[in-house]
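Engineer: Let me give you the structure first, and then I'll get to my questions.
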Amino acid sequence: MSSDTTSDIPPTGTPAPPTAPAPGGATEGSPPDGSPRIRPSLFRDASLSAVLAGFVAVVVSYSGPLVIVLAAAHAGHLDQGQTSSWVWAISIGSGVTCIALSLRTRMPVITAFSTPGAALLVTSLGAYSYAEAVGAFLVTGAVITLVGLTGVFGRLMRQIPTAVVSAMLAGILFSFGTGVFTSLRTAPWIAGAVLVAYLLGKRFVARYAVLLALAAGVLFSAVTSRLDIHIDHVELAKPVFTAPSFSAGSLIGIAVPLILATLASQNAPGMAVLSASGYRPDDRLLIGSTGLASTALAPFGSHAINLAAITAAICTGPEAHRDPRRRYVAGVSCGFFYLLVGAFGSTLVVLFAGLPKELVAAVAGVALFGALAGGLTAAVKEEKDREAALITFLATASGVTIAGIGSAFWGLVFGVVAHLVLTRLRSRKATAV
C-alpha cells in the first residue's frame, strides 16, 4: 500500500493483478508474477465478456455525452456537415487511440472525447467563429501533448496516495451504481430485469452476467414499447476540413478552460482508474498520444480526445475478464465500435439515442459494480488513510463543479490536502511523544 506521501503504483505500463503489485523488475507486457512471457495473441486472448465490455462502454459514451456535443454544435451555429464531421473526428480519434494504445501496452486503455470540454463549448462556442474554435482546439491538443510527453502530468499524479485515488474512483462510479435503483422508479420492468438477470448471471455464468443483463433489458424495453429506433437510411460520414484561425479571445475563452477541464476532469481520473485496477500506465505515452490525436483531428472538429474514466472502469474490472492480462481486448473492442460509429456517424447515433435512458443507466450500473466495490475496498484498507479517502469519496460523489472543473478533480484536491494535514499532525504528535 501507499506510503504517507506517495502512491505505490509504479509509473510504467505493465498490467498487474489488483490483489498484488507487480515486481519492480517486470517489463512492459510481461506477466505480473515474473513467469516466462507468452507472446500475446489478440485472437487467443479474445473473449465474449471483453468484447461486450467494449460495446457497453461505447453505448454509454454515446447515449448521454453526445447530446452535449450536439448542443455545443447548435450553440456554435454549425451546419449539418460540420456537425457530422465533429462526430466523425471524435469517434475516429477515440477508436484509433483505443486500439493502438491497448495493443501497444496490453492494457485496456479506453479513450473518449472530452465531455466537460463539450459542456464548456455549449456556453462559449457561439462567441467565436468556427475557424477560431478550430484554432483553439489545435492549441489545446498541442499543449496536452507537451504536458504528456514531458512527464509533468505523471509526476503530479504519482504523488497522490493510493487510497485517495481509489476513493476518487469510487466517487465517480457511485452515481452509476445508484442509477440502477433510481431507474426502478420510472422503468421498473426494464431496470428490474437488468438487475435480476445480472444477479442470476453472476451466480451461474459470471463471465456473461453483463451480457445477460443487457439482453434482458433490451427484451423488456421491446415488450414495454420503450425502444424508439427509426433508421431511415444508412450513409457514411464525410469529414469536413476547416482551416484554423487564431485569436487571443478564443485562446483565452476556449483553449485555456478546455485544457484545464480535459487534464483535470478526464485524464486525471482516467489514469486513476487504470492504476486502481492494478495497472501501471505510462503517462507520457497515454497523455501524449491522446494529445497528438486531438491535434491531428482538430481541423475536422475534434475538440479533445482524452483518457476515459467511467467507461474505462467498465473495461478494466473483472467483468471484462478475470485475467487482467487479457482485458486489453476490451480496449480493442471499444476502439472497433468507436470506428464503426465514426464511419456511419449520424446513422448509429440515432440507434444509440433510441435506447431508453433507464436501460443505459441500469446496464452501466451493473457493469460497474465490480469496479465500484474494488475502489471502496482499496480506499478503506489502511486505517491511517480512511479519513482522507472518505473526504475524497464524498467530494467526488457530490458532483460539485467549481470554476468549471468537475468533482473528480476537486475530490483529489480535498483528499490530498486532508492526507497531508492528517499525516503531518500524526508526525508532530509522534515527535512530541
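Placed from the backbone N, Cα and C atoms, the Cβ positions cover glycine too.
Nobody curates TrEMBL annotations by hand; they come from automatic prediction.
Dumping what TrEMBL says about this protein:
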- 12-21: compositional bias 'Pro residues' (COMPBIAS)
- 22-32: compositional bias 'Low complexity' (COMPBIAS)
- 1-39: region 'Disordered' (REGION)
- 46-73: transmembrane segment (TRANSMEM)
- 85-103: transmembrane segment (TRANSMEM)
- 110-128: transmembrane segment (TRANSMEM)
- 134-153: transmembrane segment (TRANSMEM)
- 160-180: transmembrane segment (TRANSMEM)
- 208-225: transmembrane segment (TRANSMEM)
- 245-264: transmembrane segment (TRANSMEM)
- 328-353: transmembrane segment (TRANSMEM)
- 359-380: transmembrane segment (TRANSMEM)
- 392-422: transmembrane segment (TRANSMEM)
Engineer: Which listed stretch (46-73, 134-153, 160-180, 359-380) has the most C-beta pairs under 8 A with the transmembrane segment (85-103)?
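Structural biologist: Stretch with the highest Cβ contact count: 46-73.
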Engineer: Quick check for me: are there 3+ Cβ pairs below 8 Å between the transmembrane segment (110-128) and the transmembrane segment (359-380), leaving out pairs under 6 residues apart?
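Structural biologist: Contact between the transmembrane segment (110-128) and the transmembrane segment (359-380): absent.
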Engineer: For the transmembrane segment (134-153), I need the partner stretch with the highest count of C-beta pairs below 8 angstroms, choosing only from 160-180, 245-264, 392-422.
Structural biologist: 245-264
Engineer: Short question: most Cβ pairs under 8 Å with the transmembrane segment (392-422), which of 46-73, 160-180, 245-264, 359-380?
Structural biologist: 160-180
Engineer: Suppose I define contact as three or more CB-CB distances under 8 A, residues 6 or more apart in sequence; do the transmembrane segment (46-73) and the transmembrane segment (359-380) meet it?
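Structural biologist: Contact criterion met.
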